[in-house]
Amino acid sequence: MNYDNLMRECFDLARKGAGKVLTNPMVGAILIKNGEIIAKGYHKSNTCDHAEIDCFNNLKESAEGATLIVNLEPCSHFGKHPPCVDEVIKRKVKRVVIANLDTNPKVDGLSKLKEAGIEVITGVLEDEGRKLNEKFFFNMENNRPLVALKYAQSLDGKIATASFDSKWITNEESRAYVHKLRSEYDAILVGANTLRQDNPRLTSRIEGGVNPYRIILSDKLDIDKDREVFRENADKKTYIATISDKDIDINAEIIRCKEKDGRVDLKDLLDKLYERNIGSVLVEGGSIINNSFLEEDLVDKIYQFMAPIIVSGLDSRSAFIGEGAKVIKDAKRFSIDDIKRFGTDVMFEVNNVYRNS
């Protein structure tokens, strides 16, 4: 039997958990019996049941002899929840079809299933499954949040004029997609300059979207507490990262970080965010913030939106600022993963597969 279509349906179920599962993977599960779907489930948030358990909870009949399609290997260890693999065995499922094996070293559900006499099929749409959960797999392999930069630029590579005007380089379609991205990342990060210039809310304004954590990078803690982002903090999801030891009365949590060259140590900040269960960060800063992450080799992904306009001007702002490569062979290299069109705009999604140093 070909399980591709059912696995794609699992992926669709899994995506419902985007922005809600944090460092957990997005997982969907489907039970079929006698050629019919008898139950579906997915991992709704990092505090909810895993997909397999959610699927069993939605079951109206016995799962004995059924086939379970799930995009990630069932867990076999005690964490926030009991092992899913034990419930799969208890329910007398006949076969388990999996897209990806779990790279978490604590997980070995595959062996337990086989020992119980359950047939296991792996690698169904494996590449698509890995793309779906790229943040989770990155977390497991690197023990830190995945960092993606997002910026909009003109044909000549400018993100703002000399007076810092940038509204709007791209069109409404592109900006709508940015709100979708915000909903899919655990946190958005901007610098104090962006906060002063743009006064952003840093929310996801799409129907059903999830508002991410909001991270403000301010080395000196020189923050205007009347900015919109602090008014949006009813959910207690706004943080300010700083090296300052001063106290201020502000509607946000202060994260005190190590200092490096007079600035927030970005690696230390990422460690502290990961401790808070934040597994992905979308950086929407300016050229200084972008370059800081680039020089620390902390840029894992870039979403570059490009509009068919030319800004020109020696003092106009570029996406990155700094000393730069002396020769082209020393340039930071990325791999193009996807190209999307939004009306007249183009978006390049690129990955740092070469681990630039």
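Quick reminder: no glycine exception, Cβ is built from N, Cα and C everywhere.
Here is what TrEMBL says about this protein:
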ACT_SITE  Glu52  active site, proton donor
BINDING   His50, Cys75, Cys84  Zn(2+) binding site
BINDING   Ala152, Trp168, Thr194, Asp198, Gly286, Ser287, Ile288, Ile289, Asn290, Asn291, Ser292  NADP(+) binding site
BINDING   Ser166, Arg182, Leu202, Arg205, Glu284  substrate binding site
DOMAIN    1-121  domain 'CMP/dCMP-type deaminase'
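The binding-site residues recorded for this entry are Arg182, Glu284, Ile288, and the Cα of Arg182 lies nearest to that of Cys75 (Zn(2+) binding site).
A distance of 21 Å separates the Cα atom of Arg182 (substrate binding site) from that of Ile288 (NADP(+) binding site).
Taking DSSP states H, G and I as helix and E and B as strand, the domain 'CMP/dCMP-type deaminase' (1-121) has 33 helix, 28 strand, 60 coil.
Straight-line distance linking the Cα atoms of Gly286 (NADP(+) binding site) and Cys84 (Zn(2+) binding site), rounded to a whole number, equals 44 Å.
Ala152 (NADP(+) binding site) sits 9 Å from Ser166 (substrate binding site), taking the CA atoms of both as reference points. Proximity note: of the listed recorded positions (Glu52, Arg205, Ile288, Asn290, Ser292), Glu52 have a CA within 10 Å of the CA of Cys84 (Zn(2+) binding site), given in sequence order.
Same-chain neighbours of the Zn(2+) site beyond His50, Cys75, Cys84, judged by a C-beta within 8 angstroms of the site's C-beta center, are, in sequence order, Val27, Ala51, Glu52, Ile53, Pro74, His81, Pro83, Val85, Glu87, Gly109. Of all the recorded positions listed here (Glu52, Leu202, Arg205), Leu202 has the Cα closest to the Cα of Ile288 (NADP(+) binding site). The secondary structure of Ser292 (NADP(+) binding site), as reduced to three states from DSSP, is helical. Within 10 Å of the Cβ of Arg205 (substrate binding site) there are 13 other Cβ atoms, across all protein chains.
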